[in-house]
Each structure stands twice: as structure tokens, then as C-alpha cells.
Amino acid sequence: MSTPSLLILPGDGIGPEVMAEVVKIIDWYGDKRGLNFDVSMDLVGGAAYDKHGVPLADETMAKAHEVDAVLLGAVGGPKYDVLDFSVKPERGLLRLRKELDLFANLRPAQCFDALADFSSLKKDIVAGLDIMIVRELTSGIYFGEPRGIITEGNERVGINTQRYTESEIRRVAIAAFELAMKRSKKLCSMEKANVMESGILWREVVEEVAKDYPEVAVSHMYADNGAMQLVRAPKQFDVIVTDNLFGDILSDCAAMLTGSLGMLPSASLGAPMANGRPRAMYEPVHGSAPDIAGQGKANPIACILSFAMALRYSFDEGAEATRLETAIEKVLADGVRTADLLGEEGATPVTTSEMGDKIIEALNASL
Ligand code: NAD
Ligand code: IPM
Ligand code: MN
């Protein structure tokens, strides 16, 4: 097979800072494991707006269609708050997700042993936690029509529409059941069937799909209770499948079970391409973190773990993904911490790039 191609879109704020560490890791795989990638870099978000006047140039979108996988840092920032909604940095990210049809967003939340003490929850609640949130990513209230701000009488009305077709629900449910089969065969679907018709349909379709997976234990939960259960007893869950908006919120919530939003990776997957690989974009769950951007404080682990997911889901390199995850675990076990993983009076934190270097050291030690 020809050298696999990667399009890297570092984006804004801490995006380029954490992506620089991923580039080090990619180079390491080329040098030490003979795993080479044909890498190209481009702009997204505010960075693309500054150059092109749009948050994603058509040429960049075309490139994203051609490559084997996209790696994205983060987009957004206060500098762009004044822009028209249609050209805001976040629109660039949403366009990528929508046009690549990346309907299944896998957001694993794993609590590394070394961080169990650091979570805002009690250690025994989170130690050993390993859950997978599957968030629908290309439909629902993020994209439903009608939408907009209109004037009705003498006041403005903001409108967004929650809309799901049964095929949209079915395909993400199938992705979640397939994952459940590879994990502990337990799946919880979250919606609000008590108040939303889209939730009623969601539950019905999940039940239909469940018939094809008799080995999977299925449960349904209202998403508000789900949020509460996630912080009360998160280890009751294995795979959670939910819609676009609930998935956004529940995954940020799950981040704090692992210690920091700087720890959570994600894979946004679509249908298989002609070469059999899924269409895919890998992105940390966190944003551009304007409060710490440019200070070398960002934790690059979420972005590096997103690359590990790329190794596993796009390039069939599960053993190398595990090598990288194990290296990260080792570095954390050695007490190496970026500032987000230290309490108020913690020891001296390492910088973003020092964390990357430590992970490279652990990779070297793994050979
Ligand atoms: P955020 O995720 O950027 O930051 C939330 C908090 O978590 C901040 O205190 C930040 O410092 C901290 N944090 C986040 N990532 C971190 C990391 N890697 N290391 C250490 N600390 C980290 O969310 P926000 O502040 O609500 O949003 C800022 C901007 O990012 C907005 O423009 C938003 O739209 C955008 N955003 C983009 C993405 C994305 O590109 N995928 C995701 C979420 C938010
Ligand atoms: C995320 C982000 C995005 C979302 C924004 C930046 C569009 O919060 O990836 O979680 O809401 O999906
Ligand atoms: Mn989010």
C-alpha cells in the first residue's frame, strides 16, 4: 500500500502548540518504526479566516476529502467573537465534520491510575474508569432547519431545530453496538424521550438495532439523569450512545472524570472510503483554550491520544497505538504533569513541549 496521507490542521490558540507535539510523535514513528506518513499542513478556523476570509478554504476541504485521515487541533478564540456567524472559526470545523459525513464521534474517557487522585471526584469513583461515549456528529440541533434569528412582532426569536432521520440514528447506533461487541457488551443510549419526539424515535431505532446484537445488554436513560449518573457512578457505563448536543455536553462532563479536559481524545468516523479505511478526523475534545494559549501550559496528551486513535482506527496499527498509550501512562506514572494536572500548590509543571519530549523518551524506552 502507498504511504498513508495525513492532513494536519492545527487551528487556533493552543491548537498549534499541542499539534507540534503530535508532529514530534509522527516523526518518531517514521524514524524508529518505519511508519511513514505523507503529511501536509493547512489552516482552519480563525487562522484560515485571517488568510482567506473564510474559516475553511475550499482547497482545504478538497484536500480533506483526498487524504486518509485529518488531524485537527482546535479552533476559535475571543479575537473572532466579532465575526459574522457564517465565518466564525467553529463553522470551519462543522463544515469538515458535515462534508466528510463523520457521523460517529468516539470520545473515550479513561482514568489513568496515576491521575485517579487528581480527578475532582473521589478516587474510588474514577479509578480504572474506561468508558466510550459515541456522539452523533453530523445532524441533530447543530444542523437542523429551520434555524436563525428572526423578528416576530417587536421581538427577536432565536431558532434551532432538533431533527433526526431514522437512518441517521441507525448508523450511529450500529457504530456504537459494534464497539460494544468489542468491549464489554454493554450499551446505554441517552436521549430525552420524555419530552422530545426525536428522543422517542431515537429510542425506538436503538431498540430495532439492538435486535441484531442480542449479546449486548442495552439500557436507556434520560440524558439529564445520564449526566448525574456519570458523576455519581461512572463505572456503571461502558459504551454510551447519544445525540450531537447531549454528546457534546456529556463528554466534557466525562473529561473531569479523567482529571482534565486536556486528556480527552476523539475520533470522528464516517463510512469506509474506496481503500477500505473509514473517512476520519482525529481531534481532541478540548477547544483552543484562549486563557492559556501562547504560554506553553497546554496539555498535549488529548491531541497525542487522538493520534493514537488514528493509528488504531485508520491505519490498523493497534499495537503501535497501545505503545503510545502505554508511553503516556508511564510518563504520568513518573509524576510528569502539565499545569492542568496539578493542584493549586502542586509541584512545578512541565511545559507543553517538555511533556512531548518525555513521551518521546518513554517511546524510546519501549523499543
Ligand atoms: P476550552 O476547551 O478551550 O477550554 C476550557 C477550559 O479547559 C479552559 O480553562 C482551558 O484552559 C482548559 N483546557 C482546555 N484544553 C486544555 C489543555 N489541552 N490543557 C490544559 N488546559 C486545557 O473551551 P472554551 O474556553 O469554552 O472555548 C474556547 C474556544 O474554543 C471557543 O472559541 C470554542 O468555540 C472553541 N472550542 C473549540 C473546540 C474544537 O476546536 N474542537 C472544542 C471546544 C471549544
Ligand atoms: C467540540 C466543540 C465543538 C462542538 C464546537 C467548537 C463546534 O465544542 O468539538 O466538542 O460543539 O461540537
Ligand atoms: Mn464541546
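Backbone N, Cα and C atoms are what each Cβ position is placed from, and that goes for glycine too.
As annotated by TrEMBL, domain 'Isopropylmalate dehydrogenase-like' applies to 5-359. Per-residue pLDDT, averaged along the domain 'Isopropylmalate dehydrogenase-like' (5-359), amounts to 97 for this model.
The NAD(+) binding site annotation in TrEMBL covers 77-90, 287-299. Contacts of ALA289 (NAD(+) binding site) defined by a Cβ separation under 8 A and a same-chain sequence distance of 6+ are given as GLY13, ILE14, ALA74, ALA298, in order along the sequence.
If you look up TrEMBL, you'll see ARG97, ARG107, ARG135, ASP224 marked as substrate binding site. ARG135 (substrate binding site) falls within a strand segment according to DSSP. Around ARG135 (substrate binding site), the same-chain residues at least 6 positions away in sequence with a Cβ under 8 Å from its Cβ are ALA104, ASN105, ARG107, THR242, ASP243, ASN244, PHE246, GLY247, ASP248, LEU250, SER251.
Annotated site 'Important for catalysis' per TrEMBL: TYR142 (among others), in sequence order. Mapped onto three states, the DSSP output places TYR142 (site 'Important for catalysis') in helix. Neighbour count (other Cβ atoms within 10 Å of the Cβ, all protein chains): 18 for TYR142 (site 'Important for catalysis').
If you look up TrEMBL, you'll see LYS192 (among others) marked as site 'Important for catalysis'. Secondary structure from DSSP puts LYS192 (site 'Important for catalysis') in coil. Same-chain residues at least 6 positions away in sequence with a Cβ under 8 Å from that of LYS192 (site 'Important for catalysis') are, in sequence order, GLY199, TYR222, ALA223, ASP224, PHE246.
Annotated Mg(2+) binding site per TrEMBL: ASP224, ASP248, ASP252, in sequence order. Neighbour density for ASP248 (Mg(2+) binding site): within 10 A of its CB lie 19 other CB atoms from the protein chains shown.
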Residues lining the Mg(2+) site besides ASP224, ASP248, ASP252 (CB within 8 A of their CB center) are ALA223, ALA227, LEU245, PHE246, GLY247, ILE249, LEU250, SER251, CYS253
Relative to the Cβ position of PHE85 (NAD(+) binding site), how many further Cβ atoms are located within 10 Å? 9
Where the criterion is a Cβ under 6 Å from an atom of ligand 1, which of the binding-site residues PHE85, ARG107, ARG135, ASP224, ALA293 meet it? none
Take the Cβ of ASP252 (Mg(2+) binding site) and count every other Cβ within 10 Å, whichever protein chain it belongs to. 15
Note: among binding-site residues GLY77, PRO89, least Cβ-dense neighbourhood at 10 Å is GLY77
Could you tally the C-beta atoms, other than its own, that fall within 10 angstroms of the C-beta of ASP81 (NAD(+) binding site)? 9
